[in-house]
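To start, the structure itself, in structure tokens.
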Amino acid sequence: MKISKLYIGLLGVALVAPFVMYPVLLMKILCFALFACAFNLLLGFVGLLSFGHAVFLGTGGYVTGYLMMNTGLTPELGILGGTVAAALLGAIYGKLSVKREGIYFAMVTLALAQLMFFVFLQAPFTGGEDGMQGIPRGYLFGLIDLSDNLNMYYFVLAVFLFGFWLINRTVHSPFGQVLKAIRENEPRATSLGYNVNDYKWVAFIISAALSGLAGSTKTLVFQLASLTDVHWHMSGEVVLMTLLGGMGTIFGPLVGAAAVVGLQNFLSGGELGNYVHIIMGLIFIVCVLAFRGGIVGEIQKIVKRNFG
Amino acid sequence: MATFLGINLFGLFGQLLVGLINGSFYALLSLGLAIIFGLLKIINFAQGAIYMLGAFGAYLGLQYLGIGYWAALIVVPLVVGLLGILMERFLIRPIANEDHLYSLLLTFGVALVLQGLFTHMFGSSGLSYAIPDALKGGTKLPFMYLPSYRAWIIIASLTVCFATWWMIEKTKLGAYLRAGTENAALMQAFGINVPLMVTLTFGFGVALAGFAGVMAAPVYSVSPDMGSSILIVVFAIVVIGGMGSIGGAIITGLGMGIVEGLTKYFYPEASNTVIFLVMVIVLLIKPAGLFGKEA
């Protein structure tokens with residue numbers, strides 16, 4: 001009861017937000033929040049730290065950009081194409097990387113992502129260092145003009161809510177329970193007869209597909225697909241968002257994404273712009289040393305202690 | 001032009017030499033990672049940033065303190081190793097009992113801070129560092145021209161790699177280290193100061209990266225992001241070789257350098273990606289890595 005009130009309240013805020021704040025910034029936050037939520041599905045609920053998740057964001061973005069510029073598809077089909085491409089790549093990469101665990105998993109995903117980085121750098125259709133620019137937003141279902149920022153905002157909000165709902169559904173399904181069992185005690189999950197690697201693999205694909213969905217949507221918002229999205233910095237950023245917000249919590253990645261995007265936006269305006277990476281690194285260090293629950297995790301702890 | 005079966009030998013040997021040099025750096029860096037991993041069970045994400053720090057140390061030492069190349073080769077690894085010791089003592093040890101993923105994230109944060117600091121101070125374009133006088137020039141061999149500094153890189157890094165291998169596999173100190181890798185708690189019970197050993201090991205692993213950085217300063221341009229790009233390749237090499245053995249880390253590092261060099265000659269488009277592709281093949285055939293011990 002309490003939780004559903006919270007959901008309705010947040011939805012209300014999200015609906016009126018574009019009249020108070022700059023819609024493009026809000027859309028950026030929503031795209032990154034979806035990306036972080038998808039990432040958190042792996043890190044927070046299966047215990048797998050992927051250090052190459054940017055590759056799915058970027059693949060979704062490039063494929064959607066290519067489709068929108070060259071085929072005249074409507075935006076929802078363009079986004080679907082990008083998402084499917086990311087899911088396929090996720091199926092391949094997931095199959096390879098779930099063979100190793102822990103720190104090796106992080107290194108394998110990072111190296112696989114770097115492989116695609118060089119592919120995108122050299123492939124003829126991506127525009128190399130310049131990226132793809134001037135990608136049209138098009139008409140949603142052929143009807144609604146997305147070049148209007150307000151229309152675009154509500155579309156992005158709908159995409160985000162769909163992704164958020166899907167992750168929530170996954171986490172609370174029997175499948176999600178098995179994932180949590182794997183996180184808590186992998187040998188026991190194996191001994192109970194679960195094929196652990198297959199469960200990890202499916203979770204990896206869902207996470208990759210939703211990251212691709214986030215990337216595709218982001219490409220439409222900014223009408224741009226570039227190497228920044230596949231760079232390892234981006235993989236690090238999504239880790240930071242999830243860690244800062246609270247890994248393994250439902251709302252953590254959303255809060256973390258808003259905080260990091262907000263911070264970057266704030267810093268890039270002022271003379272502190274040069275310090276972005278230093279500050280992000282410091283947040284990493286502080287979070288790990290003193291603040292491992294993240295913002296939402298720590299709040300939950302306080303709530304539990306005082307009202308539980 | 002010397003050719004053999006239609007292959008331009010000058011070009012081939014030239015690329016092989018470049019491959020061997022890259023391989024020397026890969027070997028030094030993955031050796032440092034393997035030593036740290038053995039005892040601490042963590043991967044030091046800051047290893048690339050430390051390598052960059054080593055190169056900048058050589059550059060700044062020469063620019064502001066008049067420390068020449070040969071002195072830098074000793075001083076910089078010591079200073080960098082000391083930084084590593086401080087890092088282990090004050091940042092990594094407090095969270096040693098937490099999930100190892102946290103220490104990975106911590107070292108990633110350190111890497112971001114270091115890289116950000118140097119980008120802020122020196123910009124992202126590269127600086128150049130002169131080859132020391134004693135190693136200028138080169139020798140003409142039948143199939144290639146061998147610059148002295150490049151020969152020196154290969155000899156020096158192989159010597160350091162071999163000495164490290166010998167120290168770990170053949171000396172009493174190394175036996176302690178290997179025993180600590182197997183069971184640190186038992187070592188502690190036998191009266192070995194394990195925390196001190198962990199700290200010094202971390203310092204040594206980091207110092208190796210600093211040493212590699214000084215060696216790299218005259219051949220690569222000294223820039224803040226020189227560490228991150230090489231580190232990702234080294235990670236792939238670590239996955240290929242597995243963390244099981246010190247010798248394995250050295251051999252895989254050199255071998256992958258040569259593979260990369262050969263690819264640059266025969267199919268240049270794939271030279272950036274070939275090591276990652278080898279990693280994919282190894283994951284498919286032998287997921288634990290070529291020298292890996294775990295299942």
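Placed from the backbone N, Cα and C atoms, the Cβ positions cover glycine too.
Keep in mind it's a predicted model, so treat the numbers as computed, not measured.
The transmembrane segment annotation in TrEMBL covers B:12-35 (among others).
What TrEMBL lists as transmembrane segment is B:67-87 (among others).
Outside the transmembrane segment (B:99-118) by six or more residues, the chain places 40-50, 52-53, 56, 87, 91-92, 224-225, 227-228 with a CB less than 8 A from a CB of the stretch. Residues annotated as transmembrane segment in TrEMBL: B:99-118 (among others).
Feature annotation from TrEMBL assigns transmembrane segment to B:149-168 (among others). Outside the transmembrane segment (B:149-168) by six or more residues, the chain places 17, 20-21, 24-25, 27-28, 31, 35, 131-132, 135-136, 138-139, 174, 177-178, 208, 211-212, 215, 218-219, 246-247, 250 with a CB less than 8 A from a CB of the stretch.
The transmembrane segment annotation in TrEMBL covers B:189-217 (among others).
Summarising the annotation, TrEMBL assigns transmembrane segment to B:229-254 (among others). Long-range contacts of the transmembrane segment (B:229-254) within the same chain, counting only residues at least 6 positions beyond its ends with a Cβ under 8 Å from a Cβ of the stretch, are 20, 23-31, 33-35, 37-38, 43, 45, 47-48, 51, 161-162, 164-165, 168-169, 275-276, 278-279, 282-283, 288-294.
Counting only same-chain residues 6+ beyond the ends of the transmembrane segment (B:266-285), those with a CB under 8 A from a CB of the stretch are 233, 236-237, 239-240, 256, 259-260. Per TrEMBL, transmembrane segment is recorded for B:266-285 (among others).
Cβ atoms under 8 Å from those of the transmembrane segment (B:12-35) belong to residues 43-44, 47-48, 51, 143-144, 146, 150, 153-154, 157-158, 160-161, 164, 168, 201, 204-209, 211-212, 215-216, 219, 230-231, 233-234, 237-238, 241, 243, 245-246, 248-262, 264-265 of the same chain, restricted to positions at least 6 beyond its ends.
Among residues of the same chain six or more beyond the transmembrane segment (B:67-87), those with a C-beta under 8 A of the stretch's C-beta atoms are 46, 50, 53-54, 57-58, 61, 110, 132, 199-200, 202-211, 213-215, 218.
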